[in-house]
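Q: The following block contains the structure, expressed as structure tokens.
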Amino acid sequence: MGSYQLIREKKDARLRWDPQQGDVIVEGEGKNLSPRIEVITSDATSNNNDLELSFQKSPTSPSSTLPKSSGDHGGHHFRRSKSGRSGRLLSLDIFRRITVALMIFVEYAGGIYPAINHSPWDGITLADFVMPFFLFIVGVSLALAYQNMPCRLTATGKAIHRALKLLILGLFLQGGYFHGIKNLTYGVDVERIRWMGILQRIAISFLLAAICEIWLKGDNKVNSGQSLLKRYHQQWAMAIMVTALYLSLFYGLYVPDWEYQMPMDISSSEAKIFTVKCGVRGDSGPACNAVGMIDRKILGIQHLYARAIYGRSKECSVNSPNNGPLPLDAPSWCQAPFDPEGLLSSLMAIVTCFIGLHYGHIIVHFKDHKVRIQQWLVPSSCLVLLGVTCDCLGMHANKVLYSFSYMCITAGAAGFLFTAVYMMVDVWGYRHWSTILKWMGANALLIYILVSCNILPVLLQGFYWKRPENNILMMIGVGPKK
């Protein structure tokens with residue numbers, strides 16, 4: 001945060017906001033204050049050493065988030081918004097809390113209502129919005145965090161440190177160390193560890209977006225949407241290059257025939273070899289796409305996610321869209337591993353982070369509510385329209401492949417939701433309904449670890465009566481049934 005210091009010729013006074021009294025308090029002896037207001041801010045990067053910006057409170061300063069008012073105080077607009085008792089942009093925290101609540105809801109309701117659960121392949125469901133929303137808010141937070149940087153090298157070092165911590169945590173939680181709620185054992189064979197995952201994808205996207213935000217921005221004055229694009233044209237060039245790289249590899253790489261064995265344990269004497277026929281380019285189906293091929297070549301098929309999401313498709317499950325036995329005419333690829341957070345698909349996840357950066361830049365450079373909303377609604381509408389158009393033309397929206405159309409639709413939806421939350425919370429002042437979400441936003445990373453990574457069920461099932469099957473999860477109907 002920061003403070004506003006008002007200075008006169010002989011005596012000083014400090015202006016601060018008192019959240020209990022709901023008013024501005026002048027500290028000091030002086031009464032006849034000069035109109036000069038000196039804004040004292042702290043280094044945003046040094047005060048926000050949390051593990052990951054997407055899981056923490058927004059590191060904004062009052063000077064960047066205060067809405068414009070009709071009153072003028074020495075050239076600085078200073079007015080308390082209706083949404084809160086400080087200059088903090090509450091909509092940023094509320095958006096994060098909504099995303100966490102959505103993550104919890106789809107985690108437990110997805111198994112009951114298939115329409116909520118992740119789509120088995122093409123199409124978008126409610127659960128498919130969670131990851132892009134997190135990536136979007138990472139970008140917004142980065143734009144606010146790196147407003148004031150006394151040293152770019154120091155900021156770069158801190159960004160690398162945060163990304164490494166997320167990568168290591170992701171390997172521990174999603175690399176196979178924990179064996180799920182049906183097994184009390186733990187540990188993972190390094191030869192079969194899963195290298196990619198949700199936290200790893202966030203770490204990669206965060207790091208590249210942070211590096212670009214630190215080093216790739218101009219110094220021209222921003223007073224319109226065109227000047228905003230000009231100031232950050234290098235970042236937009238990077239986003240276009242990443243998008244072009246994804247599309248060229250996805251539609252240009254030749255995917256040859258490949259094979260895998262079941263079970264995946266190479267020491268098994270009963271392993272059966274399955275051959276998948278491909279020999280195509282630009283295929284977006286489960287078997288012969290470039291996303292899976294790159295992961296198999298670079299990471300190794302033994303390091304991919306073993307329970308592929310297309311196992312719930314009609315081709316691979318008699319209980320589709322739920323898991324079930326294989327149909328008699330199931331194709332050979334149904335049991336093959338496939339990582340939904342692969343290398344190539346992570347490129348488009350990075351673009352989602354860049355889009356969030358743009359929305360954060362609007363907060364930094366525009367102070368008027370109306371201008372901010374207009375600047376957000378235009379790209380949100382264009383993204384959704386472009387995504388729907390591409391989907392209709394055959395570039396289907398696909399979360400597992402993180403297709404271009406999927407990126408556009410989900411990023412645009414994130415922009416619409418963020419704009420709606422901003423209007424309700426920061427413009428109209430309706431924030432009491434969000435009280436229940438406060439704890440979720442402040443502890444998003446902890447909730448993700450406990451809920452989405454199954455750490456809480458694993459801990460609970462460790463307490464049982466006489467036999468491991470008689471545990472707390474079985475009593476409440478969560479554990480495996482006989």
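Note: Cβ is positioned from N, Cα and C throughout, glycine not excepted.
Take a look at what TrEMBL says about it:
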type	residues	note
COMPBIAS	42-51	compositional bias 'Polar residues'
COMPBIAS	57-69	compositional bias 'Low complexity'
DOMAIN	88-211	domain 'Heparan-alpha-glucosaminide N-acetyltransferase catalytic'
REGION	42-83	region 'Disordered'
TRANSMEM	89-109	transmembrane segment
TRANSMEM	129-147	transmembrane segment
TRANSMEM	159-178	transmembrane segment
TRANSMEM	198-216	transmembrane segment
TRANSMEM	236-254	transmembrane segment
TRANSMEM	343-364	transmembrane segment
TRANSMEM	403-425	transmembrane segment
TRANSMEM	445-465	transmembrane segment
Q: Looking only at the recorded stretches 89-109, 159-178, 198-216, 343-364, 403-425, which one has the largest tally of CB-CB distances under 8 Å to the transmembrane segment (236-254)?
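A: Out of the listed stretches, 343-364 contacts the transmembrane segment (236-254) most.
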Q: Which range wins on Cβ pairs under 8 Å with the transmembrane segment (129-147): 198-216, 343-364, 403-425?
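A: Maximum Cβ contact count belongs to 343-364.
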Q: Would you mind splitting the domain 'Heparan-alpha-glucosaminide N-acetyltransferase catalytic' (88-211) into helix, strand and coil residue counts from DSSP?
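A: Result for the domain 'Heparan-alpha-glucosaminide N-acetyltransferase catalytic' (88-211), in helix, strand, coil order: 80 helix, 4 strand, 40 coil.
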Q: If you average pLDDT over the domain 'Heparan-alpha-glucosaminide N-acetyltransferase catalytic' (88-211), what do you get?
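A: It averages 85.
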